[in-house]
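According to Swiss-Prot, the features are:
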{"type": "BINDING", "residues": "76-87, 273-285", "note": "NAD(+) binding site"}
{"type": "BINDING", "residues": "R94, R104, R130, D215", "note": "substrate binding site"}
{"type": "BINDING", "residues": "D215, D239, D243", "note": "Mg(2+) binding site"}
{"type": "SITE", "residues": "Y137", "note": "site 'Important for catalysis'"}
{"type": "SITE", "residues": "K183", "note": "site 'Important for catalysis'"}
Amino acid sequence: MEKRIVCLAGDGVGPEVMESAKGVLHMVERLYGHHFHLQDEHFGGVAIDLTGQPLPQRTLAACLASDAVLLGAVGGPRWDGAKERPEKGLLALRKGLGVFANVRPVTVESATAHLSPLKKADEIDFVVVRELTGGIYFSYPKKRTDEVATDTLTYHRHEIERIVSYAFQLASKRKKKVTSIDKANVLESSKLWRTVTEEVALRYPDVELEHILVDAAAMELIRNPGRFDVIVTENLFGDILSDEASVLAGSLGMLPSASHAEKGPSLYEPIHGSAPDIAGKNKANPIAMMRSVAMMLGQSFGLTREGCAIEEAISAVLKSGKCTADIGGAETTTSFTKAVMQEMEEQALVGRGR
């Protein structure tokens with residue numbers, strides 16, 4: 001297989017974890033005979049420094065012409081007072097790619113379960129599906145004076161149906177349960193959300209549907225996370241709840257994410273930020289970035305075996321006791337990546353009977 005991947009290293013630790021992504025991709029090429037054209041483009045704060053814009057037109061054009069996009073990290077205090085903010089580029093990139101579904105799998109490795117703030121961390125295995133294009137972030141009018149500020153929350157039927165359908169399709173391949181999170185006891189947009197969700201559910205009779213109000217959901221994520229399979233919710237609620245869920249793994253450096261469009265390339269990135277305090281120190285945890293690569297291989301390219309090989313190698317390295325500093329170890333970004341690549345090679349040799 002031959003695919004073109006745009007690599008947006010971005011800011012902070014982004015360039016370091018992007019090298020880890022490239023490392024496992026090169027190993028996949030060598031072990032399975034694929035070829036990936038990796039194209040580096042400027043994005044975020046570094047793009048502001050070079051071009052004045054966080055998302056140069058050249059970068060967006062390259063992303064649109066690709067088969068998938070990998071993003072390292074974006075932002076940092078260096079650009080706090082700048083006219084253009086790096087994070088603005090991420091919103092523009094999502095809009096330009098037309099991605100509507102943000103997908104965050106939340107699982108806990110047995111080797112690092114003790115780092116989770118929850119006692120029964122081994123029961124955690126769910127996915128948060130967040131709607132990305134509608135809701136309060138993108139609705140108008142918006143206005144502010146010294147005395148009053150107004151935001152608008154709007155959702156259209158087709159936006160709800162699209163994201164909920166995606167969640168049901170995903171759940172049908174997992175444990176066959178969808179939890180829809182809303183505030184239907186108060187918000188008109190949530191009442192429509194619930195109505196449309198129930199209509200979509202009729203097309204998936206083998207998938208269980210439950211509704212939970214967002215405040216109760218925030219509590220249940222901590223009290224009983226094992227009850228969840230696929231969570232689907234609107235933009236603002238998803239933004240907050242997915243961040244809450246991410247800490248259950250014990251480190252932000254562990255979890256990947258994907259953002260999908262109806263057609264065209266998807267965007268894959270770790271959920272962690274740019275971590276400017278450790279940037280350039282070879283301390284960043286590359287697991288979330290490598291898992292984002294695994295998601296890309298499986299979800300965009302159909303290379304499930306290759307994606308699983310990365311996941312299995314990561315698990316094996318963790319079980320061997322090798323960890324980066326954020327999860328209680330002494331491995332560097334580089335040494336942990338090399339260990340995963342070596343494990344991939346060894347597992348492939350075992351699979352082929354040496």
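Backbone N, Cα and C define each Cβ position, glycine as well.
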Original post:
Hey, of the binding-site residues listed (G76, G273), which one tops the CB count within 10 A?
Top reply: G76
Original post:
What residues, ordered by sequence, lie under 8 A Cβ-to-Cβ from R94 (substrate binding site) and sit at least six positions away in the same chain?
Top reply: L132, T133, S259, L267
Subject >> recorded positions compared (R104, R130, K183, K281) - the one with the fewest other Cβ atoms within 10 Å >> reply: K281
Subject >> Other CB atoms within 10 A, centred on D80 (NAD(+) binding site) >> reply: 8
Subject >> Any further residue of that chain within 8 Å (Cβ to the Cβ centroid of D215, D239, D243) of the recorded Mg(2+) site >> reply: V214, A218, L236, F237, G238, I240, L241, S242, E244
**OP:** Out of the recorded positions D80, Y137, K183, give me the one sitting nearest to D215 (substrate binding site) by CA distance.
**Re:** K183
Original post:
Taking the Cα atoms as reference points, how far is G273 (NAD(+) binding site) from K183 (site 'Important for catalysis') in Å?
Top reply: 29
**OP:** Sort out for me which one of E84, D215, D243, D277 has the most neighbouring CB atoms within 10 A, since those are the binding-site residues we care about.
**Re:** E84
Original post:
Under DSSP, is D239 (Mg(2+) binding site) helix, strand or coil?
Top reply: helix
Subject >> All-chain count of other Cβ atoms within 10 Å of N285 (NAD(+) binding site) >> reply: 27
Subject >> Cβ contacts of Y137 (site 'Important for catalysis') (under 8 Å, same chain, 6 or more positions away) >> reply: N235, L236
Subject >> Pairwise CA distance, K281 (NAD(+) binding site) versus D239 (Mg(2+) binding site), rounded so that it is a whole Å >> reply: 29
Original post:
Closest to D243 (Mg(2+) binding site): which of the recorded positions G76, R104, K183, D277, N285, going by Cα position?
Top reply: R104
Original post:
Between K183 (site 'Important for catalysis') and N285 (NAD(+) binding site), what is the CA-CA distance rounded to a whole number of Å?
Top reply: 36
**OP:** Select the closest residue to R104 (substrate binding site) from the following binding-site residues, measuring between CA atoms: D80, E84, D277.
**Re:** D277
